[in-house]
Amino acid sequence: MAKPAGSYCLLSCLFVLFVGCTSAAKNYQDKQVYIVYMGALPARVDYMPMSHHTSILQEVTGESSIESRLVRNYKRSFNGFAAWLTESERQILANTEDVVSVFPSKTLKLQTTASWDFLGLKKGKRAKRNPSIESDMIIGVMDSGINPLSDSFSDKGFGPPPKKWKGVCQGSKHFSCNNLNVDDVVVVYSKVIGARNYTPRIKGVPHSAIDNMGHGSHTASTAAGNAVKDVSFYGLANGTARGGVPAARIAVYKVCDPGIKGCTTDGILSAFDDAIGDNVDLITISIGDDKGLPFHEDTIAIGAFHAMAKGILTVNSAGNSGPELSTVTSVAPWIFTVGASNTNRAFVTKAVLGDGKTVVGRSVNSFDLKGTKYPVVYGKTASSNCDAASAAFCSPGCLDRKLVSGKIVLCDSGQYVKEAKYMGAVASIARSRREDTALVFSFPVAVLSGPAYDVVLSYINSTKNPIAAVLKSETIFNQKAPVIASYSSRGPNPIIPDILKPDITAPGSEIIAAYSPSVPPSIADTRHLKYSILSGTSMSCPHVAGVAAYIKTFHPRWSPSMIQSAIMTTAWPVNASTLMPEFAYGAGHVNPLAAVHPGLVYEANKSDYIAFLCGLKYTGKNLRLISGESRTCAKAQSKSLPRNLNYPSMTAQVPATKPFKVTFRRTVTNVGTSNTTYKAKVVGSKLNVEVIPDVFSLKSMHEKKSFTVTVSGKGLGAGELVASSQLIWSDGFHFVRSPIVVYAPNW
């Protein structure tokens, strides 16, 4: 199932932790929502998709009125519909000539003041901008809606929507797209130029594009929010919050809601249909499934393919299931997949013990207890009705109010510290499962590493009346960075082993951005605020979307693959403090300023991706399912190897202990300067890497040069699972880097 990179938000988005199939109403117990995908729209002028969908549904169901069955139509960018169907009806439709595929709608999950400065996009001369072009840039945000009253989305200083905009504002009567109202009154100015809502209607709940989760406001403002001064989280992380392209416009596509506990895939596909038809410039979607899916079963991959074919780049979160390997959920090469890393800013929370020792942990603690020391009790000894292990974790129902009220409670996990609050504790000290990310809690909490936590345990076990103080968090700016976040999902690619995923990493930890005042910042919280701190690949995804939009303001005609290549080949190196690091960060950490002038790019278009699919033995209906077109694979295409897709990275599975030799074929396009010569250099590997040719000259812009990279070895070596290097093409000014990764299949 897909998830927003906010559910990828670790505990910050616990309200979307479980996913499942769309549940039926009482009278639909034998039915569920299925997506009936019919491929590309026919070119006939007289074709009426909605009438066609209605007649198909009437014929299959035997019902003259299908209003209660039909969920939505796909009619702008591709063809199909979603409807309530029985299993037998699904089978009939699946065998209908006009239907490519029928698959169930699922519920997917959602996956700053300092982050853009950290990336180099500061105000000043270095970060040049094209304001007029940036103002014509439209970013489609598929998420949980936005808070239209946030200063991050104010229309002050904006003119009318770009002339290319073909969308609408259907946010509800309570949601106006700035000065663009529902009655089509003359537009004066607008930041949020459009809004649509694809979430199911829930009885008694207003059906609106307003954000009821906080997640969508956060991601939208990270990508393209206005610059807002003096933003902080109760005094923490004070500064100016802004998006990567503050002058850009935002189109809202609400596909997630707490009422459905996630994001339905039929709604997501409909959002792609509209976003493409609305003429957005790029799409950011911090949503993903529990696992990587074959392309013909992956709604986001299908929608993104159609977007790519229309020149629209889709940026997607990698997932929040790290550090386990092969957990990345966004795996298609026509999607730009983003992992998460930190910045040099961090929040630390100190606990001062009664013996004078101070232990330092991680949390976003905005509560100030003025240094007052309180009695400390261990959850393990503060229970009368649970086993010792459950009590030590402060599990629900274990803590005794009489034993914890007015005290600081020690918990072996941060998962259940809210139970201590429920029982009247003034604060908590918890052991961390992840030591690299600070979370928001609803009362004072210090989350410690194992060794620091053991110091506290030792103290309370050796002291008759232990006391401690939990201090308000401090902000530090000397954290080692960039380092991959432990939660960020990793490769290898579970579907296509020879395509490296994720592609890139960007700031995703402890990001402050716009939020919804109706949503508390943490579980059991009573606070309401306009800006909050979240962590996840949901947060890193809109950073890269903002960078992609920034690049497009300098190169409006660049294709999605050119923008993706520019970002990947100019990336920063990343601190490799993890197992098989290449599968954590892809090409490296996004470097916005360098990506504007990459020198060379690796281009791939729709035909290249279809040849790639043919090489994967996609034929007939499955090929049509993704591309939307009835095409057959040429003989040469069927023999195409996935690793020969013209991708900015190079990856292959090889035998662990036997000799191997693999060749990658690539073509670069000159986007730097005329009359220049590039030389190849391979660094950082014990592998034998041969580049032919290793020197080439380019006389003109957009000239192309092809080359091969052959990697050979006697095996990866005893105990080795992966080997990597970097190919760098340079003309003395540009440095075009591509990771080369070979790995054993039985990792």
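Placement of Cβ uses the backbone N, Cα and C atoms for every residue, glycine included.
According to TrEMBL:
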{"type": "ACT_SITE", "residues": "Asp143", "note": "active site, charge relay system"}
{"type": "ACT_SITE", "residues": "His215", "note": "active site, charge relay system"}
{"type": "ACT_SITE", "residues": "Ser538", "note": "active site, charge relay system"}
{"type": "DOMAIN", "residues": "33-111", "note": "domain 'Inhibitor I9'"}
{"type": "DOMAIN", "residues": "136-588", "note": "domain 'Peptidase S8/S53'"}
{"type": "DOMAIN", "residues": "644-742", "note": "domain 'Subtilisin-like protease fibronectin type-III'"}
{"type": "SIGNAL", "residues": "1-24", "note": "signal peptide"}
The rounded CA-CA distance in Å from Asp143 (active site, charge relay system) to Ser538 (active site, charge relay system) is 10
Taking DSSP H, G, I as helix and E, B as strand, the domain 'Subtilisin-like protease fibronectin type-III' (644-742) contains 1 helix, 59 strand, 39 coil
Across every protein chain in view, the count of C-beta atoms other than its own within 10 A of the C-beta of His215 (active site, charge relay system) is 37
Students should find that the Cβ of Ser538 (active site, charge relay system) has, within 10 Å, a number of other Cβ atoms equal to 39
Cβ atoms other than its own within 10 Å of the Cβ of Asp143 (active site, charge relay system), all chains, total 31
Quick note, Ser538 (active site, charge relay system) and His215 (active site, charge relay system): C-alpha atoms separated, nearest Å, by 8
Counted with DSSP (H/G/I as helix, E/B as strand, rest coil), the domain 'Inhibitor I9' (33-111) has 21 helix, 25 strand, 33 coil
Model confidence for the domain 'Peptidase S8/S53' (136-588), as mean pLDDT, reads 92
